[in-house]
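Note sheet for the following structure.
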Amino acid sequence: MNPYILTPDLNGEGLHIGIVRARFNEEIGQAELDACLQKLGELGVDERDIMVVTVPGALELGVALSHMAETFEFDALIALGAVIRGETYHFEVVSNEMARAISRISLETGIPVANGVLTVDTDEQAQARAAGKGGDCALVAVEMANLVAALEPEEDDEDEDEEDEDFDDEETDRR
């Protein structure tokens, strides 16, 4: 058996990437962003093809990601930030709702969203993971953008025109 295997494509040339970073826990989010931008550059993404916006906190990431997905032609999106556990249930609410929003946006739009929002117990844990997570998100965004593009059916203008004509004829016959 010889299955067709799509191998990971980490060539970022020509890709358009949108990044949303939460400003809450500023130092951690900025460390993630710096590492992410560096890795995107290493992967060949032109800095002119990257848009970065910031939002107040993790719960606002979803709104910005949703508008970016609907308004611009991004190949992938990246969410960055940190939610650090406190003494109340708020951590669970923010973490769960933020993750749910990110997944929903990706599934509903078909645009990959790399979730780089750290959910940790302490500032030290967040600081230790920030740069690595930012770079990982760049890799995920480029790989998934290329995978989605590879899985898209190729458009054949002549076949589309014929299909449109056939569909129009069927519609006419039904009336």
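Backbone N, Cα and C atoms are what each Cβ position is placed from, and that goes for glycine too.
Residues or ranges marked as 5-amino-6-(D-ribitylamino)uracil binding site by Swiss-Prot on the basis of sequence analysis: PHE24, ALA58, LEU59, GLU60, ALA82, VAL83, ILE84, ASN115. Taken from Swiss-Prot, the feature (2S)-2-hydroxy-3-oxobutyl phosphate binding site applies to GLU87, THR88, ARG129. Residues annotated as active site, proton donor in Swiss-Prot: HIS90. Taken from Swiss-Prot, the feature region 'Disordered' applies to 151-175. As annotated by Swiss-Prot, compositional bias 'Acidic residues' applies to 152-175.
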* Structure fact -> Smallest Cα-Cα separation from ALA58 (5-amino-6-(D-ribitylamino)uracil binding site) among the recorded positions GLU87, THR88, HIS90, ARG129 is shown by HIS90
* Asked: Rounded to an integer, what is the Cα-Cα distance in Å between PHE24 (5-amino-6-(D-ribitylamino)uracil binding site) and HIS90 (active site, proton donor)?
  -> 14
* **Neighbour-count leader, CB within 10 A, recorded positions: HIS90, ARG129** => ARG129
* What three-state secondary structure does DSSP assign to PHE24 (5-amino-6-(D-ribitylamino)uracil binding site)? -> coil
* Which of the recorded positions GLU87, HIS90, ARG129 has its Cα nearest to the Cα of GLU60 (5-amino-6-(D-ribitylamino)uracil binding site)? -> HIS90
* **Distance [Cα-Cα, Å, rounded] between ILE84 (5-amino-6-(D-ribitylamino)uracil binding site) and ARG129 ((2S)-2-hydroxy-3-oxobutyl phosphate binding site)** => 12
* Would you pick out, from the binding-site residues GLU60, GLU87, the residue whose Cβ has the largest number of other Cβ atoms within 10 Å? => GLU60
* To do: Sorry to bug you, but what's the C-alpha spacing from ALA82 (5-amino-6-(D-ribitylamino)uracil binding site) to THR88 ((2S)-2-hydroxy-3-oxobutyl phosphate binding site), rounded to the closest Å?
  => 16
* Structure fact -> Within 10 Å, the Cβ with the most other Cβ atoms among the binding-site residues THR88, ASN115 is that of ASN115
* To do: Return the maximum Cα to Cα distance in Å (whole number) over the record's (2S)-2-hydroxy-3-oxobutyl phosphate-binding residues: GLU87, THR88, ARG129.
  => 23
* Structure fact -> The answer, for which of the binding-site residues ALA58, LEU59, ILE84 has its Cβ ringed by the most other Cβ atoms inside 10 Å, is ALA58
